[in-house]
Structure formats: C-alpha cells, structure tokens
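A.B. asks: Taken from TrEMBL, the feature FAD binding site applies to GLY14, GLY15, THR16, ALA17, VAL200, LEU351, ILE364. The feature 7-chloro-L-tryptophan binding site is assigned by TrEMBL to LYS79. What TrEMBL records for LYS79 is active site. Taken from TrEMBL, the feature L-tryptophan binding site applies to GLU360.
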Amino acid sequence: MTHAPVRDVVIVGGGTAGWMTAAYLTAAFGDRINVTLVESADVGTIGVGEATFSDIRHFFEFLGLAERDWMPACNATYKLAVRFEDWREPGHHFYHPFEQLRSVKGFPLTDWWLRYPTSDRFDVDCFVMASLIDGNRSPRYLDNRLLEQDFVEGEAAPNTIAEYQGAQFPYAYHFEAHLLAKYLTKYATQRGVRHVVDNVVDVGLDERGWLSHVQTAEHGRLEGDLFVDCTGFRGLLLNKALEEPFVSYQDTLPNDSAVALQVPMDMDKDPIRPCTTATAQDAGWIWTIPLISRIGTGYVYARDYMDPEEAERTLRAFVGPAAADVPANHIRMRIGRSRRSWVNNCVAIGLSSGFVEPLESTGIFFIHYAIEQLVKYYPAGDWDLTLREQYNNALMNVMDGVREFLVLHYRGAKRADNQYWRDTKTRAIPDALAERLELWESKVPDTGTVYPRYHGLPPYSYNCILLGTGGIPVRPSPALDLIDEKAALAEFQAIKDKARSLVRTLPTQNAYFKRMRDGV
Ligand code: FAD
C-alpha cells in the first residue's frame, strides 16, 4: 500500500473515448505515467458525425491544440445552438443556443418576454444567436476574432469544465468522431502512448476480484495498475468481467435505436448551417449535423413504435435524392448508466460508462467530464475508496441530471398527434422532475429549481426547452406588473440591434471555413 500515484494505465478501446482519454492523460501527466491503448481492428467504433457541448474547447486547450490544428483534420464546423423543429407543431422551430439569458431587474428575460412578448419568437427576442444561425454566420471573423461577447458572461478561459461553470462560451463544434480519434492517435502516440492493435479475448482477475491483465490474441497479456474500459456499449471490463450492473433509463427515455447516413455535401454550394437540427418524427427525431464535406444525419427512434426498415425509409425520404446511394448504419443503443463507473481498479469512460440518447449532444461531454474527474480523483496505490466514491457520484449526477433534462423535451413537447407522442405525456418521469415541473408552472426555472448538481445544463437551457416545446404552461412572475418594463423593452431592442449588426459584419460559415481550408 502506497500513497504514490499508480503509474501503469491500460486503456481498452480506441473510439472517441479511448483516444480522448489517452491524449488527455499524456497531456496531464506526461511521461510520469505509462499508457497503453489496445483497440480491435475487427470491432468498429461508433462515429456518426457528432455534435458537442461548448465546454469541449477546454479539452483542446488542455491538449495545447488550436482550432487550425485539429478542425480541418476532423471536418469540423461551428455549432451555435440546437434547432428543434416540429416539437411543438409542424412548421414550428426554436433554438437552444449557447448564450446565457440576460436578466433585467433580477428577472430573466424569458420572464419579461412572457409578460411583454415582443414577437412570437422568444428565442429571437431573448438571444442574439437565433439571428446569427438564421443567417448561417460564423461566430468568428475572417481574421479569427471572436464575435463581441457583451452578451456572454465570463470571458476568462480556464482550462477545465469545472472552473468555467456559470459562464457560457458562444459555440461548440460538429466533427467526425472517427477522424478525431485518428487525430488523437497521432497526438498520443507521439507523446509516448503505446498503441496495440489486437483483440482482447479474456480479462484476468486476481484473488480479490480486481483486474490483473487483459489477454490479447497476438500480443499476450497486457498488465497494468489502472484499467480504463472504453469498449463502448459492450462494457467488456466493467459490465462483463466485473459484472457491474447497468441501470437502464429506458422507462423514461424509450428511444433505443438509430439509423445513420453520411450524406455528401459541397461546401462551395450548400450553406453550412451553424447548428445541429433535431426534427421531431413519428417515433423519435432526426438529427442533421453539417460538416465540411458532408451532412451527418440519423433517425433516433424507439423500436416499440417503429421497426428499423421503416425508420430507414423515413430517414431516406427526409434527406431526399442525395441519400440514394449512401449505405445506412443501424445502431442499437444502450440507454442508461453503469451503476458505478469506477469499480476496484477499473474506470469505464464513454458508452461503457453510460449514454443517454444524443438529443442534446452529451456523449462526448460525458467523456470529457469523466476524464477531468479521473485526473482530479486519480488513484494512488492505496486505492483510497473515497476518491472512487466521489468520482462515481460526480458521474452519476451528471448523467442523471441530463436524463431529467432530456425527459423534459418529450414531456414538454406540445405535439401529441400519434401514440408515440401521446405516451410522452403519460409515461413515468423521474419523481424530482415531476416536482420541478409543478414549480416551473408558477416561475420559470432558475438555479434554485433545476436539477441541483452539476450536469452541464444551466437554468437558461431549461427556460429554452420549456418555452420552445410549448406543451407545459408557463407564466410570468406577478411582480413584473409592479416593475417599470422600460429597461426590459430596451434590452429586447438592444438584442435586436446587436443581432442585426453581427449578421451584417460576421462572415458565413462557408466563407470562414473556406479560408481555414485554404490555410489563409
Ligand atoms: P466506441 O466508439 O464503440 O468504441 C469502442 C472501442 O472498443 C472500439 O475501438 C473497439 O474496437 C474497441 N473494442 C471493443 N471490444 C474490444 C475487444 N474485445 N478488444 C479490443 N478492443 C475492443 N455524442 C456526442 O457527443 N454528440 C453526438 O451528436 C452523438 N451522437 C450519437 C449518435 C448515436 C446514434 C450514438 C449511438 C452515439 C452518439 N454519441 C454522440 C455518442 C458518441 O458517439 C460516443 O460517446 C463516442 O463515440 C464514444 O464512443 P466510445 O469510444 O465509448 O465507444
């Protein structure tokens, strides 16, 4: 037993989770630890064209990577929001942007908007971003300057998520996850990570039931102190070898399948929309993620309501002729989380740890958050149980919190035009969320009434979903009738002016990325 940190780390799995972990650990600890990553050439990765959270920039900053270094290699674009289409009713859309709500006289602007609606679009009236997205704008000027941030709290750029809570950076990224894994393979192996391409065929346990090694088909045993399970939905080390149970969320989030297509696009002709789009469908929703040379799209659906053939037909019809020759990728999703993500000397990161459906792009956020927590609670040879417990609580909280937020989208959606959508109104929801919904009918969500532990989603996000989906009545605070509204109306006007000026001066995404691609 020693208080010296453990040194030998074996990562099993080379998807986004495996390589993000390997790269981050080398950036954090350099050659003070030894990292081996083993990945199978036979078992594929999940990589469908991913959208992210704005916090992901801290990951790249931590690795010392500038956007120009990695974005072109990963076909990456900017994401300013999620655009929800048809969740309220056909033809309706709203944005959930990366932009904090302003407040006036102690009340969030959404509250003021409910009392004094200046149009029928709360997102356009309360956020600058909505207009930028409608104009396909880049959040950066051609000389790389970030748009003026008077409407975004906190300009400092600390390099972990935790240090950055309460502030909101104005954009995230879309990128091809498998290209990011490839990019990070180079980054990590150049910094000393040992890369083994082989199948893990067995997992060795010692007499205490801790992992002692993984057995590969051709490279013998790989021994280590700490094992990181990045084997995706298989959960080869944590769920299979250590038999850690999986806590399903399917009772509240029934979408368990997806079918994905990669549709070619021509950035010289097609506008690159700076947002992820989630379009509601008969048994779920379709994502549209614009990348530099293609669109990543897919239908997330519940098999209880639709079979895979119909889902694929629907998706192909949605995309149109561009999808005609593109093969479809059908994916079965395991929705929920491992009861504990860290058991003994095994930490699961990525899909093996947990996954909610991709509606708010939280998969890579969970990975990034998990890696930061692993560094924070990194173990010593005495394997202090308290560190593991704190890690497990942090991961449990973040996933359970996001689950609540996602359930709100379905419960809040006004549409109830078929059995799938009617069931979203009567299906059981987490008890705490049911209580919160009652509170929100009287007062829009604030820090005191949203899920109380860190889960990456500030109160303004809840405001956006409640007002946007439109199925749950919300009303303004009575106090607003007693307060002069001039300052709030002036704020609405300031947003309009600011949006107009930014749309006029910022380049389109196409122009921005053409310049980046040309290396200017
Ligand atoms: P995987 O990609 O499945 O990788 C598993 C790795 O384990 C592979 O390298 C495989 O070779 C290896 N492996 C397995 N078995 C063995 C073995 N026996 N021996 C050796 N190696 C083995 N996240 C977002 O943030 N935004 C999104 O928009 C988004 N959209 C998604 C859409 C869908 C439909 C799905 C399913 C997920 C989405 N995600 C999204 C989640 C995101 O894709 C994953 O979190 C991310 O790709 C990490 O996957 P992973 O590395 O955990 O697993």
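Cβ coordinates come from backbone N, Cα and C, glycine included.
Just so you know, TrEMBL annotations never went through curation; they're auto-generated.
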A.B. asks: Measuring Cα to Cα, tell me the gap between VAL200 (FAD binding site) and the residue listed as 'L-tryptophan binding site' in whole angstrom.
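C.D. replies: Cα of VAL200 (FAD binding site) to Cα of the residue listed as 'L-tryptophan binding site' measures 33 Å after rounding.
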A.B. asks: Among the binding-site residues ALA17, GLU360, which residue has its Cβ surrounded by the fewest other Cβ atoms within 10 Å?
C.D. replies: GLU360
A.B. asks: Let me make sure I understand the span of the FAD site: among GLY14, GLY15, THR16, ALA17, VAL200, LEU351, ILE364, what is the greatest distance between any two Cα atoms, in Å?
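C.D. replies: Answer in Å: the longest Cα-Cα distance is 24.
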A.B. asks: Could you tell me the C-alpha distance between LYS79 (7-chloro-L-tryptophan binding site) and GLY15 (FAD binding site) in angstrom, no decimals?
C.D. replies: 22
A.B. asks: With every protein chain in view, what's the tally of Cβ atoms within 10 Å of the Cβ of LEU351 (FAD binding site), excluding that atom itself?
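C.D. replies: Summing over all protein chains shown, LEU351 (FAD binding site) has 25 other Cβ atoms within 10 Å.
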A.B. asks: To the nearest whole angstrom, state the Cα distance for the pair GLY15 (FAD binding site) and the residue listed as 'L-tryptophan binding site'.
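C.D. replies: So the Cα of the residue listed as 'L-tryptophan binding site' lies 20 Å away from that of GLY15 (FAD binding site).
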A.B. asks: How many whole Å apart are the CA atoms of LEU351 (FAD binding site) and the residue listed as 'L-tryptophan binding site'?
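C.D. replies: Their Cα atoms are separated by 16 Å.
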A.B. asks: Give the number of CB atoms, excluding that of GLY15 (FAD binding site) itself, located within 10 Å of its CB.
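C.D. replies: Total other Cβ atoms inside 10 Å, all chains included: 24.
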A.B. asks: Near GLY14 (FAD binding site), how many other Cβ atoms are within 10 Å of its Cβ?
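C.D. replies: That number is 25.
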